[in-house]
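A.B. asks: One structure, as structure tokens, below. Some questions next.
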Amino acid sequence: MPLFKRKPFDLAKPPEDLEPSELVYQVRFTKEIFRDYQEYLNRINLYRQRVWMCKSTGKSNLTYEEAMVTEKHAIQKVQQLPNDLVAPALRIIQFSMLSLRDLADLVTKKLQKDLFVGAELYGKKDDGLYPCRVLKIVENGVGKTQYEVALLGENKKITENAILHGEDLVWKKTPFNRKILKSFIRESTCRSIPWVLHEKLAQKHGISTDLPEELRSKFFLQGGQLVNRTKKRKNENRNNVGEANGESGKFKRNKGETGKPDASKEENNQPEDEPVKYPIDDLLVKPGPDDPLFTDRPSPSRDFNVPMDCIGDLLMVWDFCSSFSRVLNLWPFSLEDFENAICHKDSNLVLIVETHSALLRILIKDDGEYSLALQNKKRKSKISLITWTEYVCDFLEMINVTELCSCMTTIKRGHYGLLDANAKLGILRELVCHALETDLIRGKLDDLIEQRRALGATVRGEALEYARKKREEKEQLKGESNGLVVKENSMESTGSNPHMAENGEENGDMMEEVISSRQSNAFVNRKQLNGQSKKGEKQKLDPKVEAENITNSNEKEEQKQLTGEKKEDQEKKSKEKREQRKEYFKREMERTKHPDQSLR
């Protein structure tokens, strides 16, 4: 089974007292059964997350189903390992302290030396290599093992027998590799470093389960499981320290009295949430704390009078007639009325007659195959309450559907209402499908598609225009702020006289004089600056000038406030207009989906 957080994951037990007729939810690949839809959905979402690992191959970042498939393929490859090599390999694996890669290399080297009956190799004879098969292992008193082999010719036919030593035999192709051995080791063991075989597997092949003496100082067996002495001592010390510090209550609440995860979580098989690693599939994205609450999915409605297998045809015919009611010259009707008319046994219901007649008129106007069939039978183009069944029979003869043609005799006798709901909706379905292929309906659909494209282009154009205006306003505000900074810097360079800063012409002349004087004569520059500063001091002392400056500043502030209020009003109006445009475009988009929605 796939691993969750490198640990086995228990499947949910089937609900108790399950009745044969009870409707339940079943996971397809685990066969788990749930009564509650929310529990089923939570389990499916967990299985879709890429947090699972294949036990046989060690591949991670898989979904549960992908891990199951990978594990199945790995087990099939492991079963190809010859039976004669299984027991020697398991003896090497039992209680080994090597890493998985080193252990696989060790098993590979040792198994290549152990030959078994039926192994196909190359044998050295007369300075040549010949394909052969081991027939028998011969033991001699010297201590060297010899092998009786059969030399193979074409099509693996035995040519002769020979006795060869082990060093004279070379593997043609090893029946295993490191990848297969890694999967074999993972499947055969219940824990790693030291690697411990499953108890039943060890008993089957006669392998001892007693702990070797070199490992007894570090490990011991408890309840059939191998326990690390050092880790257990550390856990006991941690528990004692927690109890001494008064944290035992919190520790027990979170992890249980034994220091293990909470028993309730183990029973419910609800693992803790891991941090999400993006990118992930859209279906795995969970709602955030600020997202709106999603209501539970309502159960599908089964309150229909017609059989459940023809609900699709019922909805399709009703939607077509409602959407193209203007083109069909048909007054819209409710789904309930249409369903009741289908189930009614009367043969000349107005709703049924008008629906068939409207669809048949569309086919007659198209001048297609149906129109030619009527011309050959010299029928009139006017459909009445008495003759509508004849036109329906002509249509059934044209399409030549076996299931529907069997209803023609009943219709010709004037007993249309005695037909099953499946047959009635089947006839209407074929009429709708042929009506969709007519030029009139196709032209209407093309117009709606063009309108939808034009609306989409207009919406995108307005959005781009609005974004462009916003960018220009930001750039303009940025330019004005830069201009104000430059102006303030120039005021600081001329002095702290506000009257001088407001007098633009005088300030400009003064700056030109300063620049020219710096280039020509520093003495003149100093004299002019001193004169201007003295003039600024005189103006500062004048109370009239100060009063004028105050009134000017107040007027400017009032103008700024007025302009600010105007801008806010304009922004509000433009925002309202944008909202109105959005609502308008939204309504137009819906209208293109249902062109005759206004008549409903």
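Backbone N, Cα and C define each Cβ position, glycine as well.
In TrEMBL, annotation is done automatically, which means it is predicted and not curated.
Below are the features listed in TrEMBL for this protein:
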- 22-127: domain 'WAC' (DOMAIN)
- 229-280: region 'Disordered' (REGION)
- 254-280: compositional bias 'Basic and acidic residues' (COMPBIAS)
- 308-369: domain 'DDT' (DOMAIN)
- 469-478: compositional bias 'Basic and acidic residues' (COMPBIAS)
- 469-505: region 'Disordered' (REGION)
- 523-533: compositional bias 'Polar residues' (COMPBIAS)
- 523-600: region 'Disordered' (REGION)
- 534-547: compositional bias 'Basic and acidic residues' (COMPBIAS)
- 554-600: compositional bias 'Basic and acidic residues' (COMPBIAS)
A.B. asks: Under the DSSP assignment, what numbers of helix, strand and coil residues are found in the domain 'DDT' (308-369)?
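C.D. replies: Helix (H, G, I), strand (E, B), coil: 46 helix, 0 strand, 16 coil.
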A.B. asks: Just give the helix, strand and coil counts over the compositional bias 'Basic and acidic residues' (469-478), going by DSSP.
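C.D. replies: Its residues divide into 10 helix, 0 strand, 0 coil.
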A.B. asks: Count up the helix, strand and coil residues in the domain 'WAC' (22-127) according to DSSP, in that order.
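C.D. replies: Each residue of the domain 'WAC' (22-127) counted once, the result is 52 helix, 13 strand, 41 coil.
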